[in-house]
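> From TrEMBL, here are the annotated features:
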- 1-25: signal peptide (SIGNAL)
- 125-149: transmembrane segment (TRANSMEM)
- 161-184: transmembrane segment (TRANSMEM)
- 196-214: transmembrane segment (TRANSMEM)
- 226-246: transmembrane segment (TRANSMEM)
- 252-271: transmembrane segment (TRANSMEM)
- 283-299: transmembrane segment (TRANSMEM)
- 311-329: transmembrane segment (TRANSMEM)
Amino acid sequence: MNQIARSHLIMFLFALSFLVPSLEASEGDADPIYKTCLEDCEISGCVGEMCFQHCKFSSDGKPIDGPWYLQEPLYQKWKQLDCRSDCRYHCMIAREEQRWKLGGKPIKYHGKWPFQRVYAIQEPAAVAFSAISLAIQFHGWLSFFILLNYKLPLRPDKKTYYEYTGLFHIYAILAMNFWFWSAVCHTRDVELTEKLDYSSAIALVGFSFILTILRTFDVRDEASRVMVAAPLIAFVMTHILYLNFYKLDYGLNTKVCMAMGVANLLIWGVWAGITSHPSRWKVWLFNVGGTIALLLEIYDFPPYKGFIDAHALWHVANIPLAYICWSFVRDDAVFRTSTLVNKTK
């Protein structure tokens, strides 16, 4: 094997190592005290002095005692407040209190940090920040729509001069869809909400990558746009099908999203360095904030007081980023429109 082939093989294996999901369970899952508490709770329906009236069923949903009409109410099933989830949560909290008294640090249970619930909301801080990001995205899209249709000149056929109008409308829909399902998933993390959250995330990041290429390379021809978008859309759709029908792999989804996110930042960074766009400084500002947000996703740490962890801070970072993004889009629309109007005179 020649030197070039050997180096390519090493690079391939190195990259592959990042795509292979870890097979190790969370540390908390193997904790004997936690496991004993969970087993006892699913039989007795109690954790310490706290008992759950609806805990009349084993983890597989079969009745332990009592007739069928003692099954959990529909509204509790909808919220997944069943015996298994309550036992897991309260056993986790009880075990973490024991560990804290002994000077231990928080550990993960079933792949997640121990968060404090607020009115059955699993991660209240992330839910609140997701809702704020959703509002910012809606405000940004609405101001963009008003600017184009009521403040800037239109073509004789009543269409906008800005060549990327339709693409940013699609971006807005995908962004608002993502933040909505993010809030839902962090409210109650079950398989369905996870699939919707992960799928909407990769759809948004994938389309953002397409939009980045089209705008920075100034691709205006429809045929060229299709040639750029088609393979990326195929990849994103294949990934979504993989997550939903083969394996719901959080680690793989995070890596794919982060790879596209880094590519977005690099392409916009190069573009801002060579363009004479009057608002290029906003691109630099967004890139700095985007880099910080990516580091928060990489550097994972347990939630402070059971509420704020690295992922929650990532949600916080996305609030000003959304505002900066739409601010640049509006400036870009004004700049491109004025340029095209001047050419027609």
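Glycine residues also receive a Cβ, built from the backbone N, Cα and C atoms like all the rest.
A description of the local structural setting of each listed feature is requested, covering burial, neighbours and distances.
Proximity of distant same-chain residues to the transmembrane segment (161-184), defined by a Cβ-Cβ separation under 8 Å and at least 6 residues beyond the stretch ends, is recorded for 126-127, 130-131, 133-134, 137-138, 140-141, 144-145, 148, 152-155, 193, 196-197, 200-201, 203-204, 207-208, 211, 214-215, 220, 315, 322, 329, 332-333, 336-337, 340-341.
Taking Cβ pairs closer than 8 Å, the transmembrane segment (226-246) reaches residues 195, 198-199, 202-203, 206-207, 209-210, 213-214, 219, 253, 256 in its own chain, all 6 or more past its ends.
Listed by sequence, the residues of this chain that lie at least six past the ends of the transmembrane segment (252-271) yet keep a Cβ under 8 A from its Cβ atoms are 18-19, 21, 198, 201-202, 205-206, 208-209, 212-213, 216, 239, 243, 283-284, 286-287, 290-291, 294, 297-298.
Only residues 6 or more beyond the boundaries of the transmembrane segment (311-329), in the same chain, are considered here, and those with a CB under 8 A from a CB of the stretch are 123, 125-126, 129-130, 132-133, 136-137, 139-141, 143-144, 168, 175, 182, 279, 282-283, 285-286, 289-290, 292-293, 296-297, 300, 303.
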